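Here's the structure we're looking at; comments come further down.
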Amino acid sequence: MASKSTVTTLTIFFFFFFFFIEPKVQSQQISAVDSECTNRWIHIRTLPSRFNLDLLSTCNRYPITDDLCPYLANHGLGPKTHTRTRSWYRTDPLLLELIFHRRILEYPCLTPDPNLASAIYLPYYAGIDSLRYLYGPDLNSSADHGSDLLEFLTRDQPEIWSRRSGHDHFLVMARPAWDFSQPLTVDPPIWGTSFLERREFFNLTALTLESRYWPWQEQAVPYPTSFHPHSLPFLESWIRRVRRSRRTSLMLFAGGGGTSSSPNIRRSIRLECTSINATQSDNKICDFVDCSNGICEHDPIRFMRPMLQSSFCLQPPGDTPTRKATFDGIIAGCIPVFFEDQTAKMQYKWHLPESEFAEFSVTIPKEDVVFRGVRIQDVLMSIPKEEVTRMRERVIEMMPRVMYRRHGASMGLMNKKDAVDIAIDGVLDRIISRV
């Protein structure tokens with residue numbers, strides 16, 4: 001049963017959506033000659049609340065997962081890290097669907113007429129809805145995930161869906177795409193739901209936190225960090241702090257794992273850091289922030305300060321290739337060190353252009369470290385200081401592209417494209433190229 005605070009939060013959301021947002025959307029009259037919105041109109045499909053707002057009441061229903069209720073605050077950004085901050089929140093990436101929904105309501109080219117739209121946004125909280133299939137009573141019915149949505153799309157104004165066979169539809173799924181890729185024919189069911197395996201959804205675009213090795217429907221977008229500035233001065237103030245921060249440590253690993261005896265990249269990192277710290281008494285070469293058991297998930301203070309003090313942030317794959325810490329590190333101006341392309345280079349092509357990776361990151365193949373004796377320390381120390389400075393500046397330049405600014409931001413900050421803006425641009429380009 002939802003807590004009292006959750007019910008209060010939901011009441012605020014209902015008030016916001018039905019008494020504030022709806023008139024704003026309808027007041028945006030369409031002009032066929034509006035050059036700024038040519039090929040950029042988006043229609044937000046009106047879905048029954050069971051597909052979005054009602055799902056928020058399940059925020060504490062699954063004991064095996066974290067209680068998401070506290071992180072519904074501030075339209076999904078979570079509670080502030082402290083009362084006086086204007087930019088830092090305890091954000092849970094699983095609420096990206098809610099964050100994106102709130103932000104797209106500010107998109108300047110919304111149209112109430114689906115026939116004029118280049119893209120149709122489905123405000124369906126697929127990741128939150130998937131919890132009942134992953135951890136709840138519908139565990140053995142995971143192949144049904146999406147059937148209710150499909151039935152609605154094909155029965156309520158079916159011409160919107162059928163006009164382009166779903167090619168112009170997109171949604172956000174705040175989990176790795178693997179979690180929605182269980183084959184429909186597997187019996188007994190394995191991990192995940194079958195949403196992306198449904199033939200009817202093959203044409204839509206899904207914005208996920210991580211894509212598969214052979215993405216067709218999905219495109220990975222950055223994990224939300226805890227940094228959500230609301231004005232340009234706050235962003236510029238943070239960038240100044242990042243630039244003047246003293247980088248007293250060569251490299252940092254913030255994460256868990258690596259404690260098993262079997263060879264893997266996280267174990268190699270831990271062993272190298274332990275060895276370095278045992279022999280170095282003056283210069284700090286390797287810093288380690290233990291984030292085991294999820295203790296860092298909603299506490300950015302644990303890792304942001306060490307990231308600000310490090311030149312390089314190690315980003316080894318874990319249970320899945322991608323890491324939220326990649327984007328935490330970029331926000332801190334910490335140069336990412338990758339050990340396989342699937343961690344970022346092959347994932348976030350809209351936000352981190354593949355052709356520019358060498359300008360702001362270092363790649364060391366994990367096989368070289370685990371099996372061939374390559375020391376990470378040696379590779380990083382061989383990079384000239386001037387090159388490190390230049391790379392850090394490129395990381396800082398990338399910062400706005402991977403951050404999610406706060407809803408209701410100032411016009412000055414809105415002129416800088418953030419992760420949502422770039423995702424929308426990518427979706428529109430993708431749809432236009434396909435239809």
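Each Cβ is built from the backbone N, Cα and C atoms, and glycine gets one as well.
Values in this document were obtained by computation on a predicted structure and should not be read as measured data.
The topological domain 'Cytoplasmic' annotation in Swiss-Prot covers 1-6.
Residues annotated as transmembrane segment in Swiss-Prot: 7-23.
Marked as topological domain 'Lumenal' by Swiss-Prot on the basis of a curator's inference: 24-435.
Cβ neighbour count for N140 (N-linked glycosylation site): 11 (other Cβ atoms within 10 Å of its Cβ, all protein chains included). Annotated N-linked glycosylation site per Swiss-Prot: N140 (among others), in sequence order, evidence recorded as sequence analysis.
Annotated N-linked glycosylation site per Swiss-Prot: N203 (among others), in sequence order, evidence recorded as sequence analysis. The DSSP secondary structure for N203 (N-linked glycosylation site) is coil. The local packing around N203 (N-linked glycosylation site), expressed as other Cβ atoms within 10 Å of its Cβ over all shown chains, amounts to 17.
Per Swiss-Prot, N-linked glycosylation site is recorded for N277 (among others), and the stated evidence type is sequence analysis. Annotation for N277 (N-linked glycosylation site): same-chain Cβ neighbours under 8 Å, separated by at least 6 residues, are I285, C286. In the three-state DSSP scheme, N277 (N-linked glycosylation site) is classed as helix.
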